[in-house]
Amino acid sequence: MKLLGQTIPSESRHSTRVFLAATAGMRLLTLENPLQSEAIIESLQLQLPQVGLMVDNPYSDVRIMSGRDEGIYSWITVNYLTKKLGSRNVPPVDEKQTIGALDLGGASTQITFVPENNKPAPHTSTRNLFGKAFNLYSYSYLCYGKSAAEKRIWAEIIGNQSAREIDNPCFHQGNVVVVKTSKIFAEQCVSSKYADVLVGSALFPHKDLPENVTFKGTGDPTKCREIVEKIFPTKVCSQEPCIFHGIYRPNLRGNFHAFSGFTYVMAYLDFPIEGRKPTRDEFRQRVDAFCKRSWNDISASTSPDSRSFVSLYCFDGVYIDALLSHFGFNTSDSWRSITFSAKIDGVTVSWAPGYAIDATGMIESTSPKIDLGLLAFTTSVAVLSVVFAVLLAIAIFVFLRK
């Protein structure tokens with residue numbers, strides 16, 4: 001409520017409509033424990049209106065969002081901010097000029113774009129925006145978000161070993177990190193009954209594996225890349241063309257905007273180069289050079305509060321390269337179609353603005369008659385999305401304490 005008070009004036013609280021959408025973390029919980037996830041959402045649906053917030057319809061405005069919708073709302077955000085969906089007296093652009101969205105979250109990753117073919121196909125649906133129908137392909141991979149993939153790779157590195165010290169090629173030479181194995185192997189993307197479907201297999205620790213294992217960095221990007229490839233299994237393709245797990249994905253078309261988890265290591269490695277988009281070869285070369293640097297060298301030039309993040313950038317770079325390659329961006333030329341940026345015109349890119357725009361009916365089936373106040377609106381939504389996340393975290397914490 002303190003954060004809400006700082007964001008929404010008290011006199012406006014009863015007239016400011018609030019939306020809450022839970023994403024991949026809750027989708028994973030739903031798979032593992034549907035009753036628990038349902039109870040959390042029901043608790044929020046009941047409690048949010050009782051604390052002075054305007055929730056128009058608790059059952060539609062407070063919910064778990066599907067992965068497909070998360071991708072579509074990110075696509076709406078990207079194309080709204082770049083004015084591809086039109087503005088005052090300006091109609092939407094031709095669908096060939098829209099920009100695809102690449103989102104890398106903590107537990108999932110999404111790819112969304114307008115394919116060349118408008119025929120019905122798997123993972124494809126139509127959205128009417130400003131009087132124009134857009135045929136959108138959108139697919140979300142659970143367990144392929146940056147944090148979930150990291151834990152899965154740590155489990156792959158441990159494998160069936162029972163030693164107290166284990167080499168980790170995705171950490172810099174000289175970096176020593178103690179991890180709790182019970183937490184790693186308790187992850188839903190590692191050992192749950194759904195890991196088989198989501199990642200290709202379930203992993204279980206050696207019976208003598210200690211609780212605390214020390215990872216000793218070796219700074220070997222080639223070996224790190226070999227291990228990362230293990231989580232991209234090839235499966236039978238029921239409809240061509242396919243990407244990993246045998247999932248249908250139409251041919252890539254047009255430009256893409258990659259944001260969220262795709263951007264941190266990019267910024268750290270000083271991309272873009274003089275305003276030019278990096279090729280895949282340039283990115284790989286810079287990642288490999290970074291991974292081979294000693295941890296003493298890197299930590300000496302890194303502030304203490306940033307070291308825990310920077311220590312993961314070797315893995316992040318290798319993983320992003322592999323993920324984009326399996327999405328179909330496997331050549332240097334294809335990388336030229338991607339813009340890596342956390343913001344557009346100063347506004348943070350996420351699914352939240354697109355969700356709020358769609359949910360409030362600000363994108364209608366007819367052409368817009370007024371300017372929607374781009375910066376003011378999207379900035380407010382971005383702030384509110386933080387509020388939503390805080391409220392959800394508090395609700396989960398309180399619920400689990402009961």
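Every residue gets a Cβ built from N, Cα and C, even glycine.
Annotated features, as they stand in TrEMBL:
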- GLU70: active site, proton acceptor (ACT_SITE)
- GLY106, ALA107, SER108, THR109, GLN110: ATP binding site (BINDING)
- 372-400: transmembrane segment (TRANSMEM)
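The distance from the Cα of GLY106 (ATP binding site) to the Cα of GLU70 (active site, proton acceptor) comes to 13 Å.
DSSP assigns SER108 (ATP binding site) to a strand. Other C-beta atoms found within 10 angstroms of the C-beta of GLY106 (ATP binding site) number 16, with every protein chain shown included.
Same-chain neighbours of the ATP site beyond GLY106, ALA107, SER108, THR109, GLN110, judged by a C-beta within 8 angstroms of the site's C-beta center, are, in sequence order, THR23, ALA24, GLY67, GLU70, ASP103, LEU104, GLY105, SER140, TYR141, LEU142, TYR144, GLY145, LYS146, ALA148.
Between the listed binding-site residues, namely SER108, THR109, GLN110, the fewest other CB atoms within 10 angstroms of a CB are found at SER108.
Sequence-distant neighbours of GLU70 (active site, proton acceptor) (same chain, six or more apart, CB under 8 Å from its CB) are THR23, ALA24, ASP103, SER108, GLN110, SER140, TRP351, listed in sequence order. Note on ALA107 (ATP binding site): other Cβ atoms within 10 Å of its Cβ, all shown chains, come to 25.
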